[in-house]
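Below: the structure, in structure tokens.
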Amino acid sequence: MWARCVNLAWGLLTSRMNLTRLKPCFDNLDGVFGIENSGHHKNSSNVLMLALGALGVVFGDIGTSPLYALKECFGHYGLAPTPENVIGILSLIFWTLVLAICIKYMAFVLRADNKGEGGILSLMALAVRSQQSKDVSRRRWTMTIIGLFGAALLYGDGIITPAISVLSAMEGLTLVAPQFSPYIIPLTIFVMNALFLMQKYGTARIGVIFGPILLIWFTVLGLLGIRGMAKNLHVFEALLPHHGIEFLMNNGMAGFLVLGSVFLVVTGGEALYADMGHFGKRPIRLAWFFVALPALVLNYFGQGALLLNNPEAVSNPFYMLAPKWALLPMVMLSTMATVIASQALITGVFSITRQAIQLGFCPRVNIIHTSSQEIGQIYIPIVNWSMFIGVIWLVLTFKTSSNLAAAYGIAVTGATMITTILAFEVARQKWKWSLLKSSAIFGSFLVMDLAFFGANVHKIPHGGWVPLVIGAIIYLLMTTWQKGRQILFRRLKERSMPIEDFCQKLLREPPLRAPGTAIYMAGDPWGVPAPLLHNMKHNKVLHQRVAILTIQTKEVPFVSKRDRISIQEVIPNIYRIIANYGFMEIPKMKHILEACRQRDINFNVNETTFVLGRETIIAEKGPNRPGEAGMAHWRERLFAIMSKNAQRPTAFFRIPPNQVIEVGIQVEI
């Protein structure tokens, strides 16, 4: 491994920036992290373009941390910017980047891809699907609960990151001219308003400039860092880990608590994994090791050198690192970089919401595709404006990036701990690692995560409660929806009958047949849906052709066309159809009918009637049924409200509304 690392470093130092010379470096990078150099993204020019795109999406959050991270290390703990403290904190920052990002995420977590996709819900689905222990159902339930809580915490992070990033960028105006101070908050709100208004138009057109802008940003970070380090080369002592250890030992509790601010340098780590499906592992690793990491280390060390020479610069070392003539351009570039970072996070929250809907943890909501080419380009109005309200509230309440830093970090540390736990399960169950190997590697990561989490706990009374409360609310909603749907499914199944029994009854007592085709949607592919039984009971008539359609979501991101549709003709002109989708896909009725047509089952859309059940949930007071794990009455009422306000299947599955019949069903839970 070390020989490959040396080859990689030598290739970087001796290669000129052309594709032919860089390709061996890419191959060495794959070898260091144990990746097969498969045909995926083999072309070097494609890898470079994807790496550039990854800069604009994946590294926005972690790339804007220099705006506030080092400043916050000295802001709340009574630590003076003495040479010993500066070198010690820089050492902690450097080794946090190495251990948390380079080793944990780049070398191990990125391996845990779910058919190429990443993210905490994708990892949860992979961990659940991989369970092979004796007590499978219990362990699957545990992994699901842990994963849901991790996803819920990321919603809290998604609201704080835009607020703290843009505020910290705008605060640079006070160095340009102190009279700008009263306008910081109004300008931040203006930028946020424009950002969230822009979402409905999508980012397909302007997204192409995100990568180049972030490349300029990282280049400027590196140049500013070199400028600062040139004035005091003693900062290179921070590369030695014993300085960080001595800092922790010499400063006691204050030294431990400063880890809460040190963690701010890696708050964008989850994005590396979440966006793996968009860019692939190689481009993300390439962008990190060749661009983002060097630029970040140079800038943090440059800020440290500035503090060694001028401790008074601790009030804003990032902007004071720049020459005075460059302050205004730096504020403008910082604002663009933080807007791009915020955009990436908003898109990430949209993606998590879509996955949660498909996996059955969230009610159906209106999802608008903003690009005909990119499946990931979506806009969810209710999520967008909920985030907007939350961000504006944070800006008006906390007012400065330093105040917001007190609320930042604890939710992300919780999510990173959960990622470690889920990755451990994948290593044990899917990769077949021994308990000793899995525990040694991921146990070490968990100790690191717990240290950061413990250092952030003290933030709870000072604003850290905000992301935790947001996460708790989202977690409550997701688990209530999941549990409520399970109870509803059981109630509907009680009213159903096996499709084989139903067909035998049709053969014995043939009903009147109406011309045309009827497609009944059902949650259970093996039972007859209540609307069909209702129709037979009251109307005693059946369409000439009847299909019972069930849409199932698998624990994989995408389902191949070959496995999309399963069709069985139970008896002549009575079909059972199962449409399989991944959690990254959104089912559409026209696509399902087209897949049926390719199987020689032609449903003419204009002559087809779609029959759906419309459940009215009645929250029943009293004890649960014997042997059934139900919900508290207030959660049953909450589920009833969520069900009532969920988007109707007609709109969600894009079914022609003038061909839909909805049959009302009252269900007590």
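Counting begins at 1 with the first residue displayed.
Quick reminder: no glycine exception, Cβ is built from N, Cα and C everywhere.
Now, the feature entries from Swiss-Prot:
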- 47-67: transmembrane segment (TRANSMEM)
- 86-106: transmembrane segment (TRANSMEM)
- 144-164: transmembrane segment (TRANSMEM)
- 172-192: transmembrane segment (TRANSMEM)
- 206-226: transmembrane segment (TRANSMEM)
- 252-272: transmembrane segment (TRANSMEM)
- 288-308: transmembrane segment (TRANSMEM)
- 326-346: transmembrane segment (TRANSMEM)
- 378-398: transmembrane segment (TRANSMEM)
- 404-424: transmembrane segment (TRANSMEM)
- 435-455: transmembrane segment (TRANSMEM)
- 460-480: transmembrane segment (TRANSMEM)
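Within the chain, the transmembrane segment (47-67) has long-range Cβ neighbours (under 8 A, six or more residues past its boundaries) at 19, 22, 26, 41, 101, 161, 165, 168-169, 207, 209-215, 217-218, 221, 264-269, 271-272, 275, 278-280, 282-284, 286-288, 290-292, 295-296, 299-300, 303, 318, 334, 337-338, 340-345, 347, 401. Proximity of the transmembrane segment (460-480) to the transmembrane segment (144-164) is established through 3 or more Cβ-Cβ distances under 8 Å for residue pairs spaced 6 or more apart. Remote same-chain residues near the transmembrane segment (288-308) are listed as 12, 29, 51, 55, 59, 62-63, 65-66, 69-70, 81, 83, 86-87, 89-90, 93-94, 97, 101-102, 106, 215, 218-219, 221-222, 224-236, 238, 265, 272, 314, 317-318, 320-321 (criterion: CB distance under 8 Å, separation of at least six residues from the stretch ends). In this chain, the transmembrane segment (378-398) lies out of contact with the transmembrane segment (252-272); the count of Cβ pairs under 8 Å, excluding pairs fewer than 6 apart in sequence, is fewer than 3. Between the transmembrane segment (435-455) and the stretches 144-164, 172-192, 206-226, 378-398, 404-424, Cβ pairs under 8 Å are most numerous for 404-424.
Between the transmembrane segment (326-346) and the transmembrane segment (404-424) there are fewer than 3 Cβ pairs closer than 8 Å, counting only pairs 6 or more residues apart in sequence, which means the two stretches are not in contact. Away from its own ends, the transmembrane segment (404-424) comes close to residues 68, 72, 75-76, 100, 104, 108-109, 112, 120, 123-124, 126-127, 143, 146-147, 149-150, 153-154, 156-157, 160-161, 163-164, 167, 260-261, 263-264, 267, 269-270, 273, 394, 398, 438-439, 442-443, 445-446, 449-450, 452-453, 456-457, 459-460, 462-468, 470-471 of its chain (Cβ-Cβ under 8 Å, at least six residues beyond either end).
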